[in-house]
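According to TrEMBL, the feature transmembrane segment maps to 12-40, 87-109, 121-142, 163-185, 191-213, 254-272, 278-295.
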Amino acid sequence: MTQWFQTFLGPAAGWLVAHLILILLIVLPLLLLVAMIIYAERKAWAAFALRRGPNVVGPFGALQSFADGLKAFLQETIVPSAANRRLFLLAPIITFSVALIAWAVIPLGPGMVLADINVGLLYLLAASSLGVYGVILAGWASNSKYPFFSAIRAASQMISYEVSIGFVLISVVMWSGTFNLQGIIQAQKGIFGFFNGFVIHPLLFPMWVVFFISSMAETSRTPFDITEAESELVAGYQTEYSSMSFAIFYLSENINVLLMATLNAVLFWGGWLPPLDWAPLYAIPGFFWLLGKALERFPFSLGHSRRS
């Protein structure tokens, strides 16, 4: 596709347009998937509480997330008078941007990756670590004690559990012999002659358990949602945010949860490979295998404090 655009637009402009289209092909389906996940989470919590949940906008309320997003977009963004306005508005932008750039190296299928670099795993670890800056800025710029205390708590939790995730990544790299995510997926093919995934290996299964728990803590899901303890910190570091700025934070958190779920599938469940090394299963496109493996983790991610 890049060569086709370069033929008509020139080398520089063609490269830019082609990569912008590739970015949109990743970002737009990602946002759509996050909207559906938010809807499913709200429906699940409504069922637990014997309620119907979203049921007004669209069939069975399926378009409720889009209506909420439009409503947030049309509302006024209120900045507290004592807040640092520039940093206050910059914090959600940083958080959202960092949540998106990490997807550049995630392989969605054979050859379906925006940047297939040799140090993809290191890039992913570095990109995900930048999210702490948005959290700290949000808490500090609000000039309120509750967001600030929550931001300090969130930053310490994120940095702490990145250490354990780093050790898990080292073990995966040592076993696969590469930092390239496509190479890691290929290294999981035919474990014990029939299964595609490191998770059944007796030496790597404990690493998967550590990664699973650490990823729950990294994304502040129950029971690690101490950054938003209502009895202590009201609504966490986002207490002073409203309308679209709050919605951007909310989207970023769910994108990070989906990123961790996808990374779990890539590192331990064979990524876009079928579960079993059986020829007929390879007829199904790898993207659907990856999507199924990533979404199967979401029932364990329920319990966010901003559920409705």
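Any Cβ shown, glycine's included, is placed from N, Cα and C.
Sequence-remote contacts of a segment are chain residues at least 6 beyond its ends whose Cβ falls under 8 Å from one of its Cβ atoms, and for the transmembrane segment (278-295) they are 37, 107-110, 112, 194, 258, 261-262, 264-266, 269-272.
Sequence-distant contacts of the transmembrane segment (87-109) (same chain, at least 6 residues past either end, Cβ-Cβ under 8 Å): 26-27, 30, 77, 79-80, 115-117, 120-121, 123-124, 127-128, 130-131, 133-135, 137-138, 140-142, 181-182, 185, 240-241, 245-246, 248-249, 251-252, 255-256, 259, 262-263, 266, 271-272, 285-287, 290.
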